[in-house]
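Undergrad: Residues or ranges marked as signal peptide by TrEMBL: 1-23. Residues annotated as transmembrane segment in TrEMBL: 290-312, 365-384, 390-411, 432-454, 460-488, 514-540, 546-569, 581-605, 625-651.
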Amino acid sequence: MRSFDKFKIWVLLICLVSQLGHGFYLPGSYPHKYGVGDFLNVKVNSLTSIDTELPYSYYSLPFCQPQEGVKDSAENLGELLMGDRIENSPYRFKMYTNETEIFMCQTKPLSGEEFKLLKKRIDEMYQVNLILDNLPAIRYTRKEGYFLRWTGYPVGIKVQDAYYVFNHLKFTVLVHKYEETNVARVMGTGDGSEVISTVGKGESEAPGYMVVGFEVVPCSVQHAPGLGKNLKMYNKYPTPIKCDPTTVAMAIKENEPVSFTYEVNFVESDIKWPSRWDAYLKMEGAKVHWFSILNSLMVVTFLAGIVLVIFLRTVRRDLTRYEELDKEAQAQMNEELSGWKLVVSDVFRAPSNPSLMCAMVGDGVQILGMGVVTIMFAALGFMSPASRGTLITGMLFFYMILGVASGYVAVRLWRTIYCGDHKGWVSVSWKAACFFPGIAFLILTTLNFLLWGSHSTGTIPFLLFVVLILLWFCISVPLTLVGGYFGAKAPHIEYPVRTNQIPREIPPQKYPSWLLVLGAGTLPFGTLFIELFFIMSSLWMGRVYYVFGFLLIVMILLVVVCAEVSLVLTYMHLCVEDWKWWWKSFFASGSVAIYIFLYSVNYLIFDLKSLSGPVSATLYLGYSLFMVLAIMLATGTVGFLSSFWFVHYLFSSVKLD
């Protein structure tokens, strides 16, 4: 009865929180109702380009500034790390009020530096990113009978030797009639619905609207310089403006001003609030994703067949045959043993650099756990692109919390290697807490200096650097030490066989064992290379990636393939009497990172042909190196833990003296 009362209390608390916050909606924010004539303020984000991958502030170019001055919008940790800088803009609409030929401003005559900078940004294909009610401006173009979607619009275009700027914007705002939300319909029905009040019941009957779409058509229109001198912002432009996106007319010239204008048209749409992000999140190539999954399943099935052969035919046959012999025959058989049975006294000998291995395995568990939890939350809609920065923020949060798992696994593995000795567990915990974050901090700091030298908004501010260091040493490190403490208290894994003091000599091999280890990474790479193309396109080509369900399936298949590959290779090494399996099992699956890095280089050369400048290429390679390091630790940990379980199971099933 008490548990039921507690359950009712929790339900009431959830209802209260939902009532106070008017419920919640995933993805994005709660619907905002605008009355006819209410002001809608457009915001601007950083200028971006797939040519340089260096974001810059919108107001770094000679654009019109708002009357109240430039103000930054509140940004979360993820937005700052992604280089987003959201600011107010002079573009202002009135709900459901169509306006045409609205004058914005006339710039001062372009100086030599402004003229060169504007031409440079046009050459580098920079895009202007506008936001209305949390929706990015979207642009549609037709090519070969297909409609293409783009977020933002280009600063300008170069035609022959002349540079033209897009100085007139034609906005289309899609709106949908506001539907009063009854909280009782959300929270429950029946008797409970009479208790919970209806939201907005007492409000006026005036119609309200929600923004469900934001489209832009950029035009280059020639304005007479003299007409804009006496006009104020938001005045009606004295001459008609014809927006034709197929022609350009406003050529920029040094010591000449540029006039900016816009028009806005409101269209009532059948698109409902929960579906307003469909135009952005729609990913092409669903069949390709399924092909990738089927390809991965074939690899998994092939490797699973090999594993079953090892277990059922080879290992089980040897064990059954050995158990059927009497003691004298066993003693005679011990003299005639071959293969993996000969390394029984060396198979659990401590590896070289054991503390480094423990730290890497601990970090791998932390990264793998972060990846699985983040993708699961993203697949459920909690980390939609509608909420900018939540994906990066969530990854940081889960990574720090899983420091407990990292410390626990690292220290427990340390105690297992040294047969229960808990000395040095603090040092191992510190290494686990600092190994991967330390390398990441070094890479990001180097890249940040490059961004700082380029005056890019992608530069991580100094205060944010301080915040990241505080999060590292005040949250992540203590949690890792706490996990290490529990790992020191937990019982270590006992080896099923004893280890001799003198190591057995490994016979010469017909082929280099490390060559086989490095080649093993091709199988895990084969399970994800198709999905990797979509991820790279999202990161570097400005496309939205939101098929986290596919990604979750591919990640599960990748874990299975890594475990199978490492297990098979470990068995092959033991069969040739090579007992140094610890590091080889780690890199057998972790070597997939090498192929991902090579794929990244290939993507840079053949897909990012427009990427210009050594700074852009260095940034790309630096971030790719950071990514493959995390993948190596995660996949290597999967391979090592599966091999450790296999070796422990194998030698605990046979009793050899």
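Each Cβ is built from the backbone N, Cα and C atoms, and glycine gets one as well.
Provide an account of the burial state, proximal residues and distances for the features listed.
TA: Counting residues 6+ beyond its ends, the transmembrane segment (365-384) has Cβ neighbours under 8 Å at 26-28, 277, 281, 390-391, 394-395, 398-399, 402-403, 405-406, 409, 432, 436, 546, 548-549, 551-552, 555, 559, 630, 633-634, 637-638 in the same chain.
Non-local neighbours of the transmembrane segment (390-411) in the same chain are 76-78, 81-82, 358-359, 361-363, 365-367, 369-370, 373-374, 377-378, 382-384, 422, 425, 428-429, 431-433, 471, 475-477, 479-488, 490; each lies 6+ residues outside the stretch with a CB under 8 Å from one of its CB atoms.
Residues 281, 283, 286, 289, 292-293, 296-297, 299-300, 303-304, 306-307, 310, 368, 371-372, 375-376, 378-379, 384-385, 516-517, 520, 523-524, 527-528, 531, 534-535, 584-586, 588-589, 592, 635, 638-640, 642-643, 646 of the same chain lie 6 or more positions beyond the ends of the transmembrane segment (546-569) yet place their CB under 8 Å from a CB of it.
Sequence-distant contacts of the transmembrane segment (581-605) (same chain, six or more residues past either end, CB-CB distance under 8 Å): 347, 351-352, 357, 360-361, 513-514, 517-522, 524-525, 529, 532-533, 536, 540, 561-563, 565-566, 569-570, 573-574, 611, 617, 620-621, 624-625, 627-629, 631-633, 635-640, 642-644, 647.
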Undergrad: Looking at the transmembrane segment (625-651) and the transmembrane segment (432-454), are there 3+ C-beta pairs under 8 A, with each pair at least 6 apart in sequence?
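TA: Taking Cβ pairs at least 6 residues apart, the transmembrane segment (432-454) and the transmembrane segment (625-651) are in contact, with 3 or more under 8 Å.
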Undergrad: Quick check for me: are there 3+ Cβ pairs below 8 Å between the transmembrane segment (460-488) and the transmembrane segment (514-540), leaving out pairs under 6 residues apart?
TA: no
Undergrad: List, by number or range, the same-chain residues at least 6 past the transmembrane segment (514-540) whose CB is under 8 A from its CB atoms?
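TA: Long-range Cβ neighbours of the transmembrane segment (514-540): 50, 53, 283, 285, 288-289, 291-292, 295-296, 299-300, 303, 547, 550-551, 554, 557-558, 561-562, 565-566, 569, 572, 584, 587-596, 599-600, 603, 607-608, 620, 635.
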